[in-house]
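Listed in Swiss-Prot:
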type	residues	note
REGION	1-22	region 'Disordered'
TRANSMEM	70-90	transmembrane segment
TRANSMEM	92-112	transmembrane segment
TRANSMEM	123-143	transmembrane segment
TRANSMEM	147-167	transmembrane segment
TRANSMEM	177-197	transmembrane segment
TRANSMEM	201-221	transmembrane segment
TRANSMEM	240-260	transmembrane segment
Amino acid sequence: MPANYQSVPQDDPSVPNLAQAPPAYSEYNESATENPAVDQFKNTTPVAECAKSIRMAFLRKVYAILTAQLFVTSLFGGIFYLHPAFSFWVQMHPWFLILNFFISLVVLFGLIMKPYSYPRNYIFLFLFTALEGLTLGTAITFFSARIILEAVFITLGVFVALTAFTFQSKWDFSRLGGFLYVSLWSLILTPLIFFFVPSTPFIDMAFAGFGTLVFCGYILFDTYNILHRYSPEEFIMSSLMLYLDFINLFIRILQILGMLQNNDNN
């Protein structure tokens, strides 16, 4: 004999009403639609496809960090230039530059591994910038103050012009990647040849000029990528890439101006 089933009173608050329709999806997703900027920061949407407010906030952050990096580098450069004893000690102890190079690689590796880990990403970025400032501060002591200032202003002008051109251009500069990659390795490996084959002033000038063109290309390439390939969360790595482009371009322009000055003196 089947059991007698008794219907549950619908007004009993202790029993859920399973027949009731579930709430609309928008009720669960309400918090996500209240602030669309939050969703865009959580996914991998490229900066160029984000809302204008997010794009502008990202660019302000990137170039503010870049400005701070250049300030720290200039500070170290000024200390070394105004106090030659520091640079003289480094020149007399080349092991320091070698150690500085390997520490820079370790710090850079840590930054690449933890680009979103606050505050470690800022600490790694500051340490890397300081170490680069030590190396650059030693290098610029071989040049006159006039040449250094000329190189700074030329580099700044070229950097701003190329950045502005990339922002308004419709060209896809990511296509330069293959050429720039091969060119960069050429810049790294070619000096090894000079250990066996003596260089000439013409070769040195051509090599510095080629390096200038390569890092001008990298400014176009990296500026395009931070807009079209990077998400708004990747501001630390964006600043780092632009910083390395600026410093490497400055070094090549400084070399060219120094060689031109030597030719005039001769």
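In case you wondered, yes, glycine gets a Cβ from its N, Cα and C as well.
Of the Cβ pairs linking the transmembrane segment (123-143) with the transmembrane segment (240-260) and spaced 6 or more residues apart, 3 or more are under 8 Å, so the two regions touch. Residues 158-159, 162-163, 165-166, 173-174, 176-177, 179-180, 183-184, 186-187, 190, 242, 245-246, 248-249, 251-253, 255-256, 259, 263 of the same chain, all 6+ positions outside the transmembrane segment (201-221), place their C-beta atoms under 8 angstroms from a C-beta of that stretch.
Non-local neighbours of the transmembrane segment (177-197) in the same chain are 207, 210-211, 214, 217-218, 221; each lies 6+ residues outside the stretch with a CB under 8 Å from one of its CB atoms. Nonlocal intrachain contacts for the transmembrane segment (240-260), taken as residues 6+ away from its ends with a CB within less than 8 angstroms of a stretch CB, comprise 62-63, 66, 69-70, 73, 111, 125, 128-129, 132, 136, 139-140, 142-143, 147-148, 150-152, 154-155, 158-159, 201, 204-205, 208-209, 211-212, 215-216, 218-219, 222-223, 225-226. Within its own chain, the transmembrane segment (147-167) is flanked in space by residues 77, 81, 140, 173, 216, 219-220, 223-224, 227, 245-246, 249-250, 253-254, 257-258, 261, which lie at least six positions past its ends and keep a Cβ under 8 Å from the stretch.
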